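Here is the structure we will look at, set down as structure tokens.
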Amino acid sequence: MIDVLIVDDEKSFLELTKTYLEKEDDRLDVDTYSSPVDAFDCVKKGDYDCVVCDYQMPEMNGIELLRKIREDLDSDLPFIVFTGKSREEIAIDALNYGADRYIQKGGEPKSQFSVLAKAIKQESEYYKTKERLELTNFSLQNASIGALWISPGGVIRYANKEICSNLGYDRSELVGKTVGEINPEYSRDRPDIWSELKDEGEIVFRTKHVTKDGDIYPVEVHSHYLKRDGKEYEFAFTQDISDIKEKKEMFQEMLDGLPDVVGFQKPDHTIIRYNQTGYDLLDVSPEEARGTKCYRLLGREVECEECATKKALKSKDVECLEKYQSELDMHLKITANPVLDEQEEVKYIIEHLHDISDRKEAEEEIKKTKRRYQNLFEKAGDGVAVISLEDGHGEILESNETFADMLGYGREELIGKDVHDFIVKEDDLMGKEMHEEKLKKGETVRFNEKKETKGGREIWTEVVATPIDYNDQKAVLGINRDITQEKDRKQKLKGYRRVVDRSDHSIAVINKKREFVFANPQYREFLGLNEKERLEGRKLDDFFEERKNRDIKERIKKCFNGERIQYETTITKNKEEKSFEVRFYPITNDNKTKKSVMILTDITERKKAEKDLKEAKNILEKSPVITFSWKNEKGWPAEFVSSNVDNIFGYTKNEFKSNKILYKDLIHPSDRERVQKEVKEASKKGKKEFTHKPYRVKTKNGDTRIVRDWTSIERDSDGKIRRYKGIIRDITKQKKAEEKEKFLHSLLRHDLSNKIQVIKGYLELLQEEPEQKPEHIKKALKTCKSSEDIIEKVRTLRKIEEEEENKEININNILKDAIEKNQDLAKEKNIKLQKNYPKKIHRVKGGKLLKELFNNLIENAIKHSKGNKIQINCKTRENKVICSIEDDGKGIPDKKKKKIFHKGYKHGETAGTGLGLYLAKEITKNYNGKIEVKDSKLGGTKFNVYLKKA
């Protein structure tokens with residue numbers, strides 16, 4: 001059987017589809033669902049072979065259902081889109097998101113459903129076959145033993161990972177080779193093996209394989225004879241069975257290649273064997289050594305006093321010691337490693353002897369040298385080093401700790417290095433050559449030199465170099481003093497002076513008498529002085545008018561009391577008024593203010609820009625758009641927003657600037673990921689500006705608005721994003737109008753198209769099944785009536801848009817007409833209509849569509865309530881008139897109450913066009929009223945319509 005799930009919101013079309021498919025092929029077992037949400041739950045639980053789905057449906061469309069199955073369930077279940085939509089972009093989307101087929105509804109039903117049935121069978125069979133092949137191939141490819149497909153001629157047609165790894169070949173190298181290339185014996189015996197394999201069907205034998213590098217290892221082969229598609233094959237499993245002997249031989253070769261002595265001895269010091277280095281050192285053969293005590297091989301009669309083996313026998317752990325072995329005239333490092341048996345007793349000892357004679361001699365020489373010069377070097381407070389003058393290499397022959405620390409090295413690490421490696425190359429090359437010439441002549445020289453430490457830091461040293469004789473060679477005794485800090489201080493002082501002189505600000509220093517001590521070129525220019533005119537010693541008062549001087553005098557007084565002063569003022573120069581920011585900073589010494597820094601910054605252009613910005617903000621805040629500036633931080637907090645922000649979001653400007661509200665959190669959860677992705681992609685591509693697709697935002701009172709967002713990206717000189725700036729416009733009304741128009745167009749094209757297709761299907765069934773004539777005609781007529789309903793509802797929705805302004809309406813007459821119009825239908829359903837309101841006339845603000853509203857609600861209750869009684873009530877409360885339609889029927893579940901007013905929502909066996917209650921909501925909304933649904937005290941459902949009292 002092939003289990004098929006069909007999803008379409010048109011129930012009559014579902015029934016027709018199921019009938020045709022199961023008639024077309026009795027292997028097709030069809031389940032149908034009108035809700036894509038319920039269908040998705042069914043796919044999660046069920047075991048279907050194929051899904052066939054319409055495109056346009058409420059709750060979610062066919063592409064969205066496909067994406068959920070592919071992404072949420074990670075399923076590649078065959079999926080066929082079967083729709084009346086013929087747009088190319090829908091077909092492309094379907095195939096891009098993983099649809100297996102896209103079939104368009106239309107044409108003759110019999111041929112159409114025959115095509116669909118064939119597609120279902122093909123996709124289901126392909127899916128099952130593909131799944132079986134993938135499982136088989138995965139198991140074979142990842143097996144822990146080698147696997148080969150071999151042709152009758154001995155050519156390898158397939159090899160898995162394990163055999164390729166064992167032989168050292170890539171699969172592309174191994175496939176195509178003959179078996180003889182990896183197994184010469186097999187090549188010679190191939191005819192006999194192939195003949196035996198064909199007779200027996202399965203054989204097991206042992207042979208040897210040759211790797212790509214020429215190594216040979218033994219294998220056990222299990223071969224099977226297979227015939228596939230008329231071709232013969234040998235399918236062989238191979239297992240590496242290399243024995244321990246080969247590993248032992250390899251281990252012995254490794255030991256013999258070691259330069260150190262490795263010996264194996266019993267706990268009583270009896271030698272088991274040595275490696276070749278041991279036999280050579282002791283000048284004995286393996287036969288002479290085996291069974292002899294180790295100390296007797298050294299010419300001793302008793303054990304050594306210091307013995308690593310003896311320690312290891314006691315501790316049962318690795319022991320190590322260094323000692324001088326007089327019999328061999330060698331310093332040795334001896335390591336004894338005990339090997340324990342299952343009872344944790346020492347089975348034998350592995351002893352490792354390493355010659356350290358050269359190291360010991362070197363250590364002794366170093367000790368002598370250190371003792372000779374230690375007092376001389378260590379008492380010197382500066383860095384002292386002895387540098388060779390021979391061969392021009394500048395080798396460091398000796399150094400005290402101070403000099404080593406200065407360069408970041410240990411003393412031993414530094415000795416032997418070339419001193420020129422530490423000298424910064426560009427530092428006065430000609431001067432260094434002159435110093436070296438003087439030193440060769442026996443003269444003492446003094447100079448400054450830049451050196452680089454081990455860590456890469458540059459330091460300045462003052463060097464006094466004196467030529468000396470050291471260990472029979474020409475050398476230099478260099479005394480080095482670190483003067484880096486002194487150099488840095490001088491350099492920083494020069495740097496500060498350059499910065500001040502090149503500053504855009506006018507900077508001056510004055511004393512307590514308000515006399516100038518210093519002024520940079522900009523300040524001199526501000527005062528109108530040329531380079532030759534002297535300023536130092538002159539008073540500040542000489543350059544400003546009396547009123548300004550009084551103001552400056554008071555502020556300077558505060559500065560000399562330790563305060564920092566900052567203010568803005570205007571100064572007229574050359575008959576031009578300019579704005580300045582003035583700052584005074586105290587210069588203290590020993591907690592006393594001796595001088596003050598005065599800084600003037602020309603802010604004329606900034607003031608003008610601030611004025612222009614203020615005017616621009618006023619214009620902007622009166623416009624219908626809102627401007628934002630968002631920080632480039634998580635959640636996009638706002639650092640600026642125009643004052644009219646509450647027009648869309650309901651929040652004030654200050655609520656945004658407090659950073660308690662993140663802009664990301666205001667974006668509708670369903671749109672948030674897409675908006676973040678658009679920002680990320682535009683930022684990554686280096687764009688300066690981009691426009692979002694319209695998205696939804698949540699307002700302070702919980703409403704949803706649709707906005708259009710144009711965003712620009714501000715970056716620093718390194719290209720790093722500083723902030724995002726956006727212009728937001730509310731397009732909610734425009735979007736809702738577009739959606740409404742699109743919805744009405746969809747009703748006429750999609751729903752009516754489905755209805756026509758159903759009618760055609762039943763008319764065709766009339767020809768094939770005349771005995772079912774009454775039933776097919778009844779269903780076709782029912783579908784025609786449903787089509788007329790859709791057209792009438794669309795006409796009413798159009799009228800809502802054309803409705804003139806509200807008038808005073810007698811609601812009693814409206815209700816009376818609605819009751820009379822539905823009286824016959826109520827009698828047909830055995831339902832009693834009860835008018836339950838006083839004769840007092842209620843007047844409301846409304847229009848002629850109120851007739852449609854109440855007629856629709858009463859008709860809806862008669863058709864769907866499944867009750868016996870419907871009550872119509874009307875009462876006045878404050879400035880409202882409340883009209884109620886309630887029944888004693890089956891009621892509506894709470895989880896569906898929120899959905900019933902949505903356009904196109906259908907549910908249950910008696911579901912109609914899905915427009916009735918949506919139409920009721922739109923009419924009441926048009927008259928500034930509202931409609932709500934509750935449980936009725938009668939036991940069924942109660943609809944309350946609130947209208948404004950006239």
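A Cβ is built for glycine as well, from the same backbone N, Cα and C atoms used for every other residue.
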Among 437-476, 477-516, 797-836, 877-916, indicate the range for which TrEMBL gives the feature coiled coil.
797-836
For the domain 'Response regulatory' (3-120), which recorded stretch in the set 314-368, 691-743, 747-950 gives the largest number of Cβ pairs separated by under 8 Å?
747-950
Quick one: average pLDDT across the domain 'PAS' (140-185), no decimals.
87
What counts of helix, strand and coil residues does DSSP assign across the domain 'PAC' (314-368)?
14 helix, 28 strand, 13 coil
Return the residues near Asp54 (4-aspartylphosphate) by Cβ distance under 8 Å, restricted to its own chain and a separation of at least 6 in sequence.
Val7, Asp8, Asp9, Glu10, Gly62, Val81, Phe82, Thr83, Gly84
Of the residues in the domain 'PAC' (565-615), how many are helix, strand and coil by DSSP?
12 helix, 34 strand, 5 coil
